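This report refers to the structure that appears directly beneath it.
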Amino acid sequence: MSTVFNGDETAPFFGFLGAAAALVFSCMGAAYGTAKSGVGVASMGVMRPELVMKSIVPVVMAGVLGIYGLIIAVIISTGINPKAKSYYLFDGYAHLSSGLACGLAGLSAGMAIGIVGDAGVRANAQQPKLFVGMILILIFAEALALYGLIVGIILSSRAGQSRAD
């Protein structure tokens with residue numbers, strides 16, 4: 001066994017688990033939001049095909065959630081350096097909490113965007129005045145994922161601060 005690594009041997013596991021959690025949970029939210037609001041767009045397109053391009057906004061907003069998870073996963077994975085002299089449990093836990101914060105926020109935002117997008121698109125087909133209200137609610141739902149992204153960046157930047165050197 002090599003004596004080069006001075007940190008905890010289980011710490012990188014938690015770091016990589018955080019990267020995986022960020023990507024998996026965010027993409028689950030993006031997939032749910034895209035599917036749920038896409039069903040609404042498809043059913044609305046039968047009645048009012050001229051509104052399909054206008055009603056694709058919830059699908060796009062849900063798809064962006066996966067990018068947030070990708071950003072955090074890349075930040076975390078670049079913070080885990082196998083050639084570094086140490087990677088402590090504090091660092092692994094910081095990366096795990098970063099990934100969970102971003103991933104679970106993306107999952108919840110995706111669920112909100114999917115439900116609001118589905119109902120909003122169908123309602124917009126019957127009453128076009130509801131479009132602005134739907135967009136505002138979608139923006140607030142997207143903000144949930146942005147909060148998770150910001151907290152994830154802050155938490156991942158905490159990794160490496162446990163060293164006394």
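Glycine is treated like the rest: Cβ placed from N, Cα and C.
Relative to the membrane, S86 and A159 are listed by Swiss-Prot as lying on one and the same side. If you draw a 10 Å sphere around the CB of E142 (site 'Essential for proton translocation'), it holds 21 other CB atoms from the protein chains shown. Per-residue confidence over the topological domain 'Lumenal' (1-12) averages out at a pLDDT of 66. In terms of DSSP secondary structure, the topological domain 'Lumenal' (77-95) contains 10 helix, 0 strand, 9 coil.
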